[in-house]
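Chemist: Mind having a look at this structure? Questions to follow.
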Amino acid sequence: MTSLTQRSSGLVQRRTEASRNAADKERAAGGGAGSSEDDAQSRRDEQDDDDKGDSKETRLTLMEEVLLLGLKDREGYTSFWNDCISSGLRGCMLIELALRGRLQLEACGMRRKSLLTRKVICKSDAPTGDVLLDEALKHVKETQPPETVQNWIELLSGETWNPLKLHYQLRNVRERLAKNLVEKGVLTTEKQNFLLFDMTTHPLTNNNIKQRLIKKVQEAVLDKWVNDPHRMDRRLLALIYLAHASDVLENAFAPLLDEQYDLATKRVRQLLDLDPEVECLKANTNEVLWAVVAAFTK
């Protein structure tokens with residue numbers, strides 16, 4: 001392991017520990033006995049992440065996983081025809097922040113407002129250690145009145161006609177995520193000439209990590225299919241939904257045999273046909289996750 005890798009690993013570890021300590025202090029200040037089920041679940045999710053065998057360099061965020069599925073291995077860029085991945089990555093950010101206990105939806109109220117009309121509010125402003133996530137979290141925290149999930153996906157993507165809200169756009173997201181993957185040893189950086197201009201590309205350098213990611217997605221809808229989204233790992237469930245919304249899920253299924261492919265797509269369709277409004281009412285669900293799903297499937 002190089003000294004650079006060691007330094008980056010230590011930095012990530014220190015950031016993660018600092019974030020967890022800050023979040024724990026804030027929860028303690030709010031009253032330990034009154035902590036919600038979501039708080040407990042978010043702590044379990046973070047602990048599960050820490051317990052996984054992968055090194056810090058190869059533990060990927062939802063955004064990085066979706067981008068990795070969309071990148072061409074040798075060329076090092078996403079398809080020029082993919083106009084879905086931009087909004088999909090913003091949806092990943094909202095879910096990632098929710099899974100880390102930073103965001104939640106406002107209470108549904110007596111009249112039970114729908115997922116798409118409920119506002120996103122900041123639950124904790126403790127740093128995540130990820131620059132993009134912290135940037136998005138800062139926007140959510142400082143915005144009054146709050147916005148809905150659908151609005152945040154559009155605002156963070158820059159898809160607004162209101163010039164006063166253009167500052168919400170997160171710029172160069174794909175390039176910044178690719179650089180994160182370069183630092184984690186998954187991609188490398190090259191310059192390619194495209195007739196009239198040069199373009200920075202990020203070809204795959206660690207195929208094992210991508211193959212593990214593809215295998216994880218395939219197994220979720222084949223060998224390890226449980227036919228119940230609430231028994232699936234939340235992060236994996238979100239990955240399947242967001243990979244589909246970003247139009248990159250097909251890349252994970254491309255190597256499958258015809259029968260496996262048909263079964264996998266059938267089961268993904270089962271997930272897409274679920275009603276997020278119904279699913280979010282079940283026990284131990286993450287409402288932001290289902291609100292993002294609703295934004296992309298309604």
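Note that Cβ sites are derived from N, Cα and C of the backbone, with glycine treated the same way.
In case it's useful when we look at the structure, here is the feature table from Swiss-Prot:
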- 1-11: compositional bias 'Polar residues' (COMPBIAS)
- 1-57: region 'Disordered' (REGION)
- 14-28: compositional bias 'Basic and acidic residues' (COMPBIAS)
- Ser35: phosphoserine (MOD_RES)
- Ser36: phosphoserine (MOD_RES)
- Cys84-Cys108: disulfide bond (DISULFID)
- 190-201: region 'Beta-hairpin required for oligomerization' (REGION)
Chemist: For Cys108 (disulfide bond), write down the residues of its own chain that are at least 6 apart in sequence and whose Cβ falls under 8 Å from its Cβ; none is a fine answer.
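Modeler: Arg118 - these are the non-local Cβ neighbours of Cys108 (disulfide bond), listed in sequence order.
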Chemist: Count the Cβ atoms, other than its own, that fall within 10 Å of the Cβ of Cys84 (disulfide bond), considering every protein chain shown.
Modeler: 15
Chemist: So how many of the residues in the region 'Beta-hairpin required for oligomerization' (190-201) end up helix, strand or coil by DSSP?
Modeler: 0 helix, 10 strand, 2 coil
